[in-house]
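Undergrad: Below, the features straight out of TrEMBL:
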BINDING   Thr101, Ser102, Thr171, Asp200, His203, Tyr225, Trp255, Thr281  pyridoxal 5'-phosphate binding site
MOD_RES   Lys226  N6-(pyridoxal phosphate)lysine
Amino acid sequence: MTLDSLDRAACAAMDAADPLAPLRDRFDIPTGMIYLDGNSLGAMPKGAAARAHDVVTREWGADLIKSWNSAGWFDLPVRLGDKLAPLIGAGDGEVIVCDSTSQNLFKVLSAAVALRPHRKVLILEGSNFPTNNYIAQGVAAATGGRVEVRLCEKDEIADAIDEDTIAVAITHVHYKTGHIHDMAAITARAQAAGALAIWDLCHSAGAMPVDLGGAGVDFAVGCTYKYLNGGPGSPAFLFAAKRHQGHALQPVTGWWGHAAPFAFEPGYRPQRDIRQFLIGTQPILSMALVEVGLDIHRAADMTAIRAKSMALTDLFIRLVEERCAGHGFTLASPREAAARGSQVSFAHPDGYPIMRALIAAGVIGDFRAPDTVRFGFTPLYVGYVDVWDAVDRLVTIMDEGIWKRPEHQIRDAVT
Ligand SMILES: *Cc1c(COP(=O)(O)O)cnc(C)c1O
């Protein structure tokens, strides 16, 4: 498409030809809002309110404790894991939905430490979302000095792996830049050195094809409230390859991970399947809503999702660079779509007030310190006209200096 022919009408034509466009109707997005923050909190599926109402009034209100059996509450973590598995290249019984990403990372890192008792280094990415590194530091501290955490940046990771490495635990798509790590290559490199490969899929699950089985990954974690649209604070997931189940032990040995939870035995005995990664009673209301998001994904083709994600992000980069030229934006994401997840970041020294002005104008993205404005593109509900209109509003904010107004300088707690 030439520069001249790329206008709002051309974007509307792309929406009309988009095979995923009908899925937008399965989400409730406020009129006039362009939601480019699905990489932080996914939009609400229309079915969520009805599902929540049913769980509260019928399953809880009317059926009360019977629902642990009759409504399948007790099996929900396993059943949802099996539903999620095809999206990340996992098999039946290899994924469980429970707890938070931070907690699940603690479990799998601890399991890795136990599987490699004579090694001492956990390798993570220093610029990753900090909770991953904090959790690894906590796992290391709990060993009383046997284990240490080594933080590397992307090009150093492969060379840092050696015979002392317990595991490499990297986030597949970088939260700030959107850079995609080569999962298959890093996994192979780690395993060739006798180490384990652990992947965090927070920014890839639901946004792009992931093949944990094909890459031979050992463990993975990720959240369901970003591209999987499970709702605020919805439970995360944990993947453990079949070969590790029953061998890899995790230290948070609660009753839901016990081989016979209702035998009420005095001593802990782990389950021999994926349920060994459970701890205790799960938040059923929140968990039930995960299914609503997953069911929308089952109606979508992941190849189409990835193709649209690349097209949307390419379009956004091109329009910002052309129409905001001279306004000081520097692309902070890989330029090549194949190297980028479903988000685009730009660095700008005044990124914070610019993002506030954008949000006030109905374009929701977010800001990541010190200077990054970040935009997520969920192909299930973001269209090409949305991209055009978002950039249009950004152009007005920059051309007219709207971001310089005093109300856009105020700092909120959550950015
Ligand atoms: C979103 C995200 C998390 C979230 O962790 P919580 O335990 O849900 O707070 C963790 N790691 C990465 C890389 C993330 O992007």
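All residue numbers here begin at 1 and follow the chain in the order shown.
Yeah, the Cβs are placed from backbone N, Cα and C, and that goes for glycine too.
Give me the local environment of each listed feature.
TA: Long-range neighbours of Thr101 (pyridoxal 5'-phosphate binding site) (same chain, six or more residues apart, CB within less than 8 Å of its CB): Thr131, Asp200, Cys202, Val221, Gly222, Cys223, Ala236.
Counting Cβ atoms from all protein chains shown, Lys226 (N6-(pyridoxal phosphate)lysine) has 27 others lying within 10 Å of its own Cβ.
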Undergrad: C-alpha of Thr281 (pyridoxal 5'-phosphate binding site) to C-alpha of Lys226 (N6-(pyridoxal phosphate)lysine): distance in Å?
TA: 23
Undergrad: Near Ser102 (pyridoxal 5'-phosphate binding site), which residues of its chain come within a Cβ-Cβ distance under 8 Å, counting only those 6 or more away in sequence?
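TA: In sequence order, the residues whose Cβ lies under 8 Å from that of Ser102 (pyridoxal 5'-phosphate binding site) (at least 6 apart) are Thr131, Asn132, Ile135.
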Undergrad: In Å, rounded, how far does the Cα of Trp255 (pyridoxal 5'-phosphate binding site) sit from the Cα of Lys226 (N6-(pyridoxal phosphate)lysine)?
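TA: That separation, Cα to Cα, works out to 29 Å.
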Undergrad: Among the binding-site residues Thr171, Thr281, which residue has its Cβ surrounded by the fewest other Cβ atoms within 10 Å?
TA: Thr281
